[in-house]
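So the structure is just underneath, and the comments pick up after that.
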Amino acid sequence: RCKLPNYPNDTFLSQGAVHDDLVKAFIPTELNADNEVTYKQCYIFSTPAAVNVTGGPEQSCSDWVYDKTVYENTFASEQNLICGKAIWASNAKMIFFAGVFVGALLLGALSDKIGRKKTLILSVLGLLASSLAVAWADNFYLFCVLRFIVGFCCAGTFMSAFVLGMEIVGPSKRLWAGVVIEYFFALGLVLLCLVGYLVREWKYNEIVLSVPSAFILVYWWLLPESPRWLINRGKFEEAKVIIRKIAKRNKVEVTEKQLDSLECDETATGQLWHLFTSRVLFVRTIVIFINWCVVSMVYYGLSLNSGSLAGDFYLNFFLTGLVEFPAYTLCLVLLDRTGRKKLHCACMVLGGLACISTIFTVLYLEKRHQIYSTVILAMLGKIGAAAAFAVIYVWSAELYPTVVRNVGMGASSSCARIGGMVSPYIADLSTLVDGHFGQALPLVVFGASSVIAGLLSLILPETLGANLPETIEDGKAFPNHEKKSAKYQENGSSITMNNEAFSPEDCTKF
């Protein structure tokens with residue numbers, strides 16, 4: 001609420017009867033969505049009100065006091081990003097995702113040039129420096145610049161680590177490697193909640209969350225460079241050294257003849273516009289782009305919206321991270337049983353319907369029942385979004401023909417970042433729209449978008465057990481194209497690359 005005039009020690013919490021009388025005299029009241037009398041946040045009486053008499057005209061205030069029962073201090077409260085400046089908080093969140101968007105593009109290209117390992121270490125150094133610097137940001141613009149850099153470096157850190165892991169393991173384990181890494185992403189959300197609960201001053205919170213990234217620097221001595229990247233760049237001797245170590249660790253015999261036979265022939269490559277050269281590829285590409293955008297928007301939006309749900313803020317955020325574990329387990333169990341198409345569509349539609357259903361709990365249930373029912377439905381929506389995110393990566397990588405798979409996945413990832421940039425504004429709709437409908441509006445928007453995108457995904461063909469397309473012509477005819485001979489094989493007597501969904505060049509722009 002507005003700060004009382006000429007009362008330097010004013011606090012949000014009551015200081016006694018005299019303080020309460022001053023608050024009632026200066027701060028106008030209104031009814032909230034539950035028909036409870038609350039103080040207005042943005043207005044103050046120009047002259048104090050007497051008992052049972054309305055005060056002078058309301059006017060906007062320029063100073064506020066904040067409830068510190070949930071947070072001690074936040075950047076938004078320090079900079080007073082409320083009332084007319086409420087949109088600034090959403091802008092700051094958007095700028096972080098804009099940094100992720102730019103980082104995915106530029107650091108993806110850098111990873112191709114200098115290697116996965118070097119890009120990882122450079123990104124971590126930038127992440128450590130920028131995230132620590134955020135704690136000393138004393139104005140909105142500096143804060144946004146630093147948050148952009150944090151997002152930029154986050155993209156490089158996750159992308160490089162993900163690609164390095166995918167390129168080190170064999171083709172038979174890449175599905176597991178691609179999904180299991182998401183467990184640690186979910187673990188990070190749970191730990192973030194714990195740190196936020198224990199450290200409620202935002203500057204100290206920022207420092208505590210920044211320091212662990214320094215431990216990743218030891219990977220410079222622990223992790224090898226991607227042997228697939230080395231082979232792709234013609235650095236065969238370095239690749240041989242790493243392959244010998246991998247073979248020794250896995251108790252596999254490797255002869256010098258096998259190592260000398262390593263080849264990395266030039267393969268045909270395509271451009272993004274090749275995906276729009278036929279009606280079939282055009283429709284599939286647009287549907288893939290829409291699903292990447294929506295699933296990212298819903299995934300991040302539901303996490304951001306946890307603060308708007310009824311009940312305890314920290315418990316709600318903890319649950320948004322916890323429910324991702326069963327979501328990824330669901331993918332590991334069902335992805336190769338039900339197929340990509342059925343699982344993705346089911347996750348998107350059912351998760352979306354759960355989010356939409358919150359409008360009924362908010363409008364028609366009593367307040368004591370709203371808390372549990374709304375939170376449960378929101379968590380079901382998060383399970384669907386998390387599982388769909390894992391599925392769409394595997395599915396779209398298999399749908400793109402080999403010659404354009406790299407550029408197609410890069411463009412898809414860019415669409416996901418756009419969805420992330422939009423998500424803060426949708427999550428903050430509850431602060432812009434009054435009443436019960438405003439409380440449910442973000443979840444309704446996320447749910448409706450998820451259902452529409454999920455139904456659109458039915459247009460896409462199933463890829464489970466299919467021969468993956470290699471050329472643009474294969475893509476047009478998929479899944480009825482003829483099987484092409486694999487350029488690379490992986491068996492007990494050779495160490496080469498398999499032409500599967502995740503080839504060495506496939507993940508470079510994740």
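Glycine residues also receive a Cβ, built from the backbone N, Cα and C atoms like all the rest.
As recorded in TrEMBL, the features of this protein are as follows:
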- 44-465: domain 'Major facilitator superfamily (MFS) profile' (DOMAIN)
- 86-107: transmembrane segment (TRANSMEM)
- 119-137: transmembrane segment (TRANSMEM)
- 143-164: transmembrane segment (TRANSMEM)
- 176-198: transmembrane segment (TRANSMEM)
- 204-223: transmembrane segment (TRANSMEM)
- 281-302: transmembrane segment (TRANSMEM)
- 314-335: transmembrane segment (TRANSMEM)
- 347-365: transmembrane segment (TRANSMEM)
- 371-395: transmembrane segment (TRANSMEM)
- 439-460: transmembrane segment (TRANSMEM)
Original post:
Looking only at residues six or more beyond either end of the transmembrane segment (176-198), which have a C-beta under 8 A from one in the stretch?
Top reply: 161-162, 165-166, 169, 205, 208-209, 303, 314, 317-318, 320-322, 324-325, 328, 331-332, 335, 386, 389-390, 393-394, 502
Original post:
Which residues, given as numbers and ranges, are at least 6 beyond the ends of the transmembrane segment (371-395) yet have a Cβ under 8 Å from it?
Top reply: 175, 178-179, 182, 186, 288, 291-292, 295-296, 298-299, 302-303, 305-306, 309-311, 316, 319-320, 323-324, 326-328, 330-331, 335, 340-341, 343-344, 347-348, 350-352, 354-355, 357-358, 361-362, 365, 440, 443, 446-447, 450, 454, 460, 463, 501, 510
**OP:** Sort out the residues at least 6 away from either end of the transmembrane segment (347-365), same chain, that have Cβ-Cβ distances under 8 Å to it, and list them.
**Re:** 291, 294-295, 298, 302, 327, 373-374, 377-378, 380-385, 387-388, 391, 436-437, 439-440, 443-444, 446-455, 457
Subject >> Dominant neighbour of the transmembrane segment (143-164) in 204-223, 281-302, 439-460, by Cβ pairs under 8 Å >> reply: 204-223
Subject >> For the domain 'Major facilitator superfamily (MFS) profile' (44-465), mean pLDDT (0 to 100) >> reply: 84
